[in-house]
Amino acid sequence: MGFDVGFVPYNPDGWGPPEAAAAPSSLGGGSASVPFAPFSRSDKLGRIADWTRNPPGQGAFAAARDTVFDFAGLEDSVGLASADDASFRLVDGKPPPRHPRFGPRWRFQQRPQLPQRRDEEVEARRREAEKERARRDRHWQQNRRTHHQFNRGGPSSSAKPSVDIQPEWSVKEQIPFSSFSKLSFAVADQPEDLLVCGAVEFYDRAFDRVTPRAERRLERFKSRNFFKVTTTDDPVIRRLAENDTATVFATDTILAALMCAPRSVQSWDIVIQRVGNKLFFDKRDGSQLDLLTVNETAQEPLPEAKEDINSAHSLAVEATYINQNFSQQVLLRNGEKVTFDEPNPFATEGEEAASVAYRYRRWKLDDETSLVARCEVHAVNVDPRGERQFLTLNALNEFDPKVTGVDWRKKLETQRGAALATELKNNANKLARWTAQALLAGADMMKLGYVSRLHPRDHYNHSILSVIGYKPRDFAAQINLNTANMWGIVKSIVDVCMKLGEGKYVLVKDPVKPQVRLYEVPNDAFENDYVEEPLPEEEQVRPFSEDVDATAQEMDAAAEAEATGTTAGADGDAEKSGEAAAA
């Protein structure tokens, strides 16, 4: 057994096979099908296969596979041997560059697919994305319908209504806030001033120049009394009702709560009495309407523990206390006052009342219905033309810059708009109510004060950082408060109540859902002889009495002790009491 090496031609004349040598049968039977060029050992060899030729395009791989051994571009074997050094190319042994593994370039070049299959995959992915988006939208709508108020910083799921709903109460109406947004009603005529009572002092323009670098300490006014009298307890409104001056009676605080109801998160209630053809909108003793909310519409909810100085109730009492003192400190206390038709109807003889004027104004809703409201203005001012202007004074309070995210002491001078935008986000309902009250009172200017704690853990001592004035109508347009929509809400509630029979009703804002319910209650409800479960004592607003001065003295003593102690001592004393006394 041997190995057949085959036929090997011999060339006696030179190097290489003979010129007319016959090829063996294994290579095609004598046909010269293999190109060959004679060369010497000093010549450079040409390329056997060009692995670098990779034309781009859809058929890159097929073209590369077909052209690796394509030598059609060569003239002939002789031309290849006689090529100069410029035509010589080395085979590149480096790996090809790696493209980023994302994007359409990588997908289509690394994994070529048929156009039809690729379109089907894209369409399938699009359908899956639409299904996922629709599922998320349904889930979001469901959460928004049930927990929308809580995501904005409202009460928790265990929140209770502002008044205990009794089993014998019957629901007459249930109005969602979504229906309020579509209402619009334009009051035909300008309101008529029926009577102006009280006395006001002049505004001190020096407070317009207060800055965080030149802040002013907030003072306490223990001797001045503030009155929060409901509608039916007002002797002037009783007199106007006896004279059939109007058919609907209310106060600016109650009307502002109704007008800004869609912006509210926390629960509140209004008592409505139908007597003959007249309607009286009242508030209960110790109602939440007497307190100012803090961070009601913020994203992060406040703690619910009453002993915490930063809880919702403690901050509401603190904000009310700050607002009252601020409205008296920014006045010229030189004894000069502007008096009106009658004195303060709620102050007794020898009692010093706060600077406030009550304007009893009448609006005509239709041919048969007119509304009288008691509106408040806190100061007067004289413009450059010498005309008298009415002002309303309110204060925003900062309790902890870490909670709001904006430090007033750093931002009020350079970024005042950012501070106001943060307050509009966190206290949209409170600012809207103040604006509505200024519009109802016919104020020419509303002054907003920025009051901050001296220390985040000290809720007794505060400083006035800035005072900014706005025209009520311009500010209402800035916060997107529509006057026609405000009156549309009031007109719709009045029309609903006018269709009811005589009796007593209560309008309650639901603590969970964005809606209000109208209950029919017994005539002796909310009176001393009416038996119902009272609110906890710490949640009730104590009426103004003779012990207000004693409470103020106690607060002053605590503040002096904190001022003389260290910061740690101030923190310990501040945490002992979670509630400040509202004047």
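Cβ coordinates come from backbone N, Cα and C, glycine included.
All annotation found in TrEMBL is predicted automatically rather than curated by experts.
Note that the structure is predicted; figures quoted are calculated from it, not measured.
Marked as compositional bias 'Low complexity' by TrEMBL: 105-115, 550-571. Taken from TrEMBL, the feature compositional bias 'Basic and acidic residues' covers 116-135, 573-583. The compositional bias 'Basic residues' annotation in TrEMBL covers 136-150. What TrEMBL lists as region 'Disordered' is 88-163, 532-583. Among the features that TrEMBL reports, region 'RNA gate' is placed at 288-302.
For the compositional bias 'Basic and acidic residues' (116-135), the number of residues in each DSSP class (helix H, G, I; strand E, B; coil) is 20 helix, 0 strand, 0 coil. A mean pLDDT of 88 is what the model gives for the region 'RNA gate' (288-302).
DSSP places the residues of the region 'RNA gate' (288-302) in helix, strand and coil in these numbers: 3 helix, 0 strand, 12 coil.
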